[in-house]
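These come from TrEMBL:
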- 18-197: domain 'Guanylate kinase-like' (DOMAIN)
- SER25, PRO26, SER27, GLY28, ALA29, GLY30, LYS31, THR32: ATP binding site (BINDING)
Amino acid sequence: MVQTAPVPETAGKLARRGLMFILSSPSGAGKTTIARMLLEADPHICNSVSCTTRPPRPGEVDGVDYHFVSPAQFERMVEDGDFLEWATVFGYSYGTPKAQVKAGLKDGQDYLFDIDWQGTQQLYQKLERDVVRVFLLPPSIDELRRRLTGRGTDSAEVIHGRMERARSEISHWDGYDYVVVNDDIESCFGQVTQILHAERLRRARQTGLIGFVRELMQPEA
Ligand SMILES: Nc1ncnc2c1ncn2[C@@H]1O[C@H](COP(=O)(O)OP(=O)(O)OP(=O)(O)O)[C@@H](O)[C@H]1O
Ligand SMILES: Nc1nc2c(ncn2[C@@H]2O[C@H](COP(=O)(O)O)[C@@H](O)[C@H]2O)c(=O)[nH]1
């Protein structure tokens, strides 16, 4: 019979640093939909709730979808250095509050960010090793327009503005680690989930590995 070494106690639950999982796309390509599916399916990732000066859409809840703040409040937060990143998108201000994220990462908490390319660049400059950047593309420009219209949350003028901006947003595709086409929602969700799972396994995130490997390498008694 082959004798196997006893499995060290830490095996299977090594300490890990959390990651910052960023989803970006042109407006309407489906990042909010994929983000909601991920948050529902995976208890180990939580949403980074942004602040915005944009008014709430029907059904959006303050503190859940966004922290809805006035332009003056937003300005004060910028001055106080409360944001990890912030940007102006479609004429409104959006920003990622610093407070919870930095401490949570150390404890192995993963965070999901639904932010644009400007915010992605800022987070990457600050916390490169923690950031995973995923860009979603629509299967076609016509389908993007259909999705924005079908969502039924924006006026024709707003949709026109978002379509105008879509091409310049798509031009940032090569600033991302992964690009996924959101054609079939389940298949897109499957691919995004695979990326998240693989990124969690990166050696650099396994902070418990050093101790574990040392234990494995102890000379025979
Ligand atoms: N694969 C898909 N097939 C068909 N419809 C989709 C798909 N993915 C998302 N949708 C629909 O497209 C619309 C836009 O999706 P969503 O709101 O998730 O986009 P978004 O990228 O978050 O947009 P924004 O940046 O404006 O918030 C929604 O009505 C959503 O249900
Ligand atoms: N740089 C940041 N961009 C953000 C943030 N929160 C959202 N966004 C992006 O804004 C647009 C519009 O969003 P919508 O909800 O008004 O449709 C979209 O591209 C989001 O990804 C943020 O904190 N920082």
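Cβ from N, Cα, C; glycine included.
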Largest tally of Cβ atoms lying within 10 Å of a Cβ, found at which of the binding-site residues SER25, SER27, THR32: SER25
Output field, ATP shell: CB within 8 Å of site CB centroid, site SER25, PRO26, SER27, GLY28, ALA29, GLY30, LYS31, THR32 dropped: LEU136, PRO138, LEU144, ARG147, ASN182
Close-lying binding-site residues around ligand 1 among PRO26, GLY28, GLY30, where CB distance stays under 6 Å: GLY28, GLY30
ALA29 (ATP binding site), number of other Cβ atoms within 10 Å: 27
Tertiary neighbours of GLY28 (ATP binding site) (same chain, Cβ under 8 Å, six or more apart): PRO138, LEU144, ARG145, ARG147, LEU148, ARG151, ARG162, ALA166
Confidence summary (mean pLDDT) of the domain 'Guanylate kinase-like' (18-197): 96
Intrachain C-beta neighbours of LYS31 (ATP binding site), sequence separation six or more, cut-off 8 angstroms: LEU23, SER24, SER25, ASP114, LEU136
Packing count at GLY30 (ATP binding site) (other Cβ atoms within 10 Å of its Cβ): 22
Surrounding CB atoms that lie within 10 Å of the CB of PRO26 (ATP binding site), all protein chains: 27
